[in-house]
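First up is the structure itself, then whatever we jot down about it.
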């Protein structure tokens, strides 16, 4: 029962917060501050009561499950602070439903991370998916938001059906839905269980869809463009980190010498994700669509670590995802500070010459872009170096060379952002009142990207 305490606590926090937000409608900001404080305290609860030496999880990744959940919750709290300050910045009403949806989404991620059963894993991912559809369509009067959310919902429903179909295959050919039992079946020397492998592949479609990897990526640019930037920040950080942890958690089931079909399939997915993400972003003018393709590219990098099938590879994948999530939070936060209400229309034109008026913000965006390129001594360089080094060390030369090549290609559009800020024709930007929560997040992002490599080395 204590192992479920983090999930129960977050659910109660979300529901109680929503109750008081409805009963006292004019105090949403005060309620949101209290909820954020309670969530910060919940990090310690999550770490304490999720921290058991689960043989399955520790054997797969060597990372404590309590740490994993705490990381996801921390990034969710940051997303909540960004939404709170964004609503103040644009003088908009803070809708507490947004925070409730984020918290319930995290509960789904927690359930998925803790599960050792395919059906429970599916339920956790579906709770996350349903709340994500609502977050994507939160701009009720915006046609693009509604269109993106509808695409997201329809494709997500289709993938969920495939995932359930896969679970039926797994149960039919494996006789169980427990991870340990299925792993035992896959290790059985009686021959390749093709039906079981097909079931696992079908189930994986749901995870790859939520990770935005090729070929289940077509929804990403439209959803990112139409969704509120606060939703995109959550999708790109807490949600993606959670799904990466889930994928690592079941890595022993999907990759092994006894069924190379899965390995080769994921290898193709990783290479195509890197190529499509790198080249697809080149002609984009919307910064949100640019980050959508950047996400596809970086998920391809993360899959390199998964394919290495050892603890060093898993750690490299999770570390890289954390570094990318921090960078994307910094980028979106800077756009909010610069553009306010117009942030969802952010493009290269809207940031032209901003270095003249906002030197600090331009410097932060530049550091984020250089880190995403992988320029030393920024943390992004060490994340990529560690990942590619492990790939070369395991003689995965195709993955490493593809990663290096696409990093060079991606440098073009990352540097294009820097060029627009410093070398393009200047446009005057209205200075908005500073929100100290957003400013603090930016300072923390810069500190991590500049000094994170020293922290990581220890």
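Note: Cβ is positioned from N, Cα and C throughout, glycine not excepted.
Here Swiss-Prot gives transmembrane segment for one range in the set 318-338, 339-359: that range is 318-338.
By the Cβ criterion (distance under 8 Å, sequence gap of 6 or more), the transmembrane segment (118-138) is not counted as touching the transmembrane segment (261-281), fewer than 3 such pairs being found.
Residues 118-119, 122, 125-126, 129, 132-133, 182, 185, 193, 195-196, 198-206, 209, 216, 218-219 of the same chain lie 6+ residues outside the transmembrane segment (153-173) yet bring a C-beta within less than 8 angstroms of a C-beta in it. The stretch from 2-22, 62-82, 94-114, 235-255, 290-310 with the most CB pairs below 8 A to the transmembrane segment (261-281) is 290-310. Of the Cβ pairs linking the transmembrane segment (62-82) with the transmembrane segment (235-255) and spaced 6 or more residues apart, 3 or more are under 8 Å, so the two regions touch. Ranked by number of Cβ pairs under 8 Å to the transmembrane segment (2-22), the listed stretches 30-50, 94-114, 235-255, 290-310, 397-417 are led by 94-114. Residues of the same chain lying 6 or more positions beyond the ends of the transmembrane segment (30-50) and with a Cβ under 8 Å from any Cβ of it are 2-3, 5-6, 9-10, 13, 17, 20-21, 24, 65-67, 69-70, 73-74, 76-77, 80-81, 84, 94, 96, 99, 103, 110, 114. Counting same-chain residues at least six beyond the ends of the transmembrane segment (397-417), those with a Cβ under 8 angstroms from any Cβ of the stretch are 267, 270-271, 274-275, 277-279, 281-282, 284, 287, 290, 294, 297, 300-301, 304, 307, 348, 351, 365, 369-370, 372-374, 384, 387-388, 391.
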